[in-house]
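Engineer: From TrEMBL, for reference:
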- 1-36: region 'Disordered' (REGION)
- 51-73: transmembrane segment (TRANSMEM)
- 93-113: transmembrane segment (TRANSMEM)
- 125-147: transmembrane segment (TRANSMEM)
- 226-243: transmembrane segment (TRANSMEM)
- 263-283: transmembrane segment (TRANSMEM)
- 303-326: transmembrane segment (TRANSMEM)
- 332-355: transmembrane segment (TRANSMEM)
- 501-538: region 'Disordered' (REGION)
- 520-530: compositional bias 'Polar residues' (COMPBIAS)
Amino acid sequence: RSRGAASMEEAAGEDKAGHGRNGHAEGPAAEQRRGGGARLRGCRGFLRRNALVLLTVSGVVAGVALGAAVRGAELGPAQVAYLAFPGELLLRMLRMVILPLVVCSLVSGAASLDTRSLGRLGGIALAYFLGTTLLASGLAVALGFIIRPGAGASALNTPGLGLPGALPTSKETVDSFLDLVRNLFPANLVAAAFRTYATEYKMLLRNTTSGNVTLEKIPVASEIEGMNILGLVLFALVLGVALKKLGQEGEDLIRFFNSFNEATMVLVSWIMWYVPIGIMFLVGSKIVEMEDIVLLVTSLGKYIFASILGHFIHGGIILPLIYFAATRQNPYRFLLGLITPLATAFATCSSSATLPSMIKCIEENNGVDKRISRFILPIGATVNMDGAAIFQCMAAVFIAQLNNVDLNPGQIFTILVTATASSVGAAGVPAGGVLTIAIILEAIGLPTNDLSLILAVDWIVDRTTTVVNVEGDALGAGILNYLNEKENKAREQELKEVTVEAVANSKSEAETSPLVTHKNPVSNTSSTADPESKESVL
């Protein structure tokens with residue numbers, strides 16, 4: 001029995017040793033498998049988090065490839081329209097949610113901020129919008145004089161370059177600004193959702209006393225298709241402040257607008273998954289539509305280069321520097337979370353259509369407070385047009401050089417002021433800035449005939465214009481969010497200090513107010529032990 005027990009113990013020892021050796025042998029393999037599984041899970045997590053960004057960028061690349069592949073097929077206008085149909089659906093869906101998004105977000109945003117914060121944030125936002133737009137206008141004029149895109153380009157009246165049928169009607173500068181003010185106060189809110197006030201002119205024959213017949217241009221009121229976003233923004237802001245003033249009575253309506261706003265954001269999150277498909281067909285159809293790109297680039301290449309360079313400097317250097325100076329944070333990390341709305345802006349050429357995806361991404365990816373983003377971004381999409389200011393000033397300098405006109409300091413100042421002011425009312429739709437170029441040209445006395453050349457390349461320049469427009473809005477929201485958080489922290493610190501001082505004063509009889517007396521001032525310990533024994537003489 002003893003020999004058998006000994007042999008069994010030896011066998012058990014060998015099994016343990018063998019198991020230990022196998023375990024040591026399998027250790028590195030198991031660790032590799034665990035490391036590979038962790039990396040795989042990390043890749044899956046990255047793809048899941050950034051799926052929309054990757055799909056959107058892939059949609060742009062696929063659209064370029066699709067347009068280049070189909071371009072050789074020589075499609076007719078009907079076939080091109082069919083090709084653009086999925087992209088048209090995307091634009092229609094994005095425009096569908098603009099009205100409820102702008103109105104509800106501004107009402108809930110204005111009602112959620114107290115009057116002091118609203119005035120302070122509104123003042124900072126206005127200063128930021130005007131300052132950056134003026135910087136953009138000055139940059140464009142400076143680049144126009146350095147690069148001289150219109151010098152030596154007098155022979156640009158080449159057939160096929162201009163678009164003579166697409167010229168906007170010229171409008172007096174005074175009437176343009178009066179229309180801006182009129183649109184701030186729409187006579188009918190329902191009509192403001194789809195129509196905008198615009199002055200037109202009627203020519204009247206008048207007989208003078210000397211017998212001569214003269215033509216007189218009379219301004220006539222009219223309305224054109226397009227949402228009056230300025231009037232809706234102002235009404236929503238004032239309504240939000242009024243509901244805040246109502247107090248208890250206005251809470252039900254504030255909750256309604258908050259719920260409506262959240263439901264609209266859910267719709268936006270669903271639409272965002274269709275963005276890559278729509279972008280692919282939008283970009284592809286636009287490439288197919290191009291007629292003679294070689295002639296276009298060789299004739300207007302300097303103008304295209306100067307405009308895109310201005311957008312690159314302003315959007316890639318100046319705006320990030322302003323953000324860094326205000327927040328001491330990395331602006332490019334902030335912009336990295338906004339790749340999807342920036343790609344949407346590049347494809348749709350519409351800052352209004354980019355607004356839904358911008359609000360969603362800036363809140364989820366960059367952690368901007370909802371009250372800030374939904375208050376500032378709709379206003380920025382209407383008022384802040386840095387890219388449009390660069391585009392308009394560059395076009396004005398280009399047309400002046402094209403007509404061999406030397407701009408004097410007074411005309412340059414007029415360009416800067418008019419571009420900054422007219423970009424406020426520029427429509428957030430494709431080619432919306434071309435109409436405001438006509439205002440600038442009228443203000444400095446240049447002919448509007450050459451606007452057809454600007455329209456011919458507008459589809460190229462308008463993409464970088466829209467990207468800079470929405471980037472300026474987003475960085476402005478980031479700056480305001482940082483300043484708001486900083487003020488809230490300072491307030492909390494002040495409250496803590498006040499609380500600490502109050503506690504200290506209640507414990508020390510010598511430091512209390514002389515207006516406070518004690519029923520039983522026996523000792524320090526008794527007053528500390530019985531704080532309720534203090535009462536005010538008053």
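All residue numbers here begin at 1 and follow the chain in the order shown.
Even glycines carry a Cβ here, placed using N, Cα and C.
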Engineer: Among 51-73, 125-147, 226-243, 303-326, 332-355, point out the range having the most Cβ pairs under 8 angstroms from the transmembrane segment (263-283).
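Structural biologist: Highest pair count goes to 51-73.
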Engineer: Which one of these stretches, 125-147, 226-243, 303-326, 332-355, has the most C-beta pairs shorter than 8 Å to the transmembrane segment (51-73)?
Structural biologist: 332-355
Engineer: At a C-beta cut-off of under 8 Å, are there same-chain residues at least 6 beyond the transmembrane segment (226-243) that contact it? List them, or none.
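Structural biologist: Same-chain residues near the transmembrane segment (226-243) but 6 or more away: 98-99, 102-104, 106-111, 115, 118, 180, 183-186, 189, 191-197, 250, 253-254, 257, 352, 378-379, 381-382, 425, 427-429.
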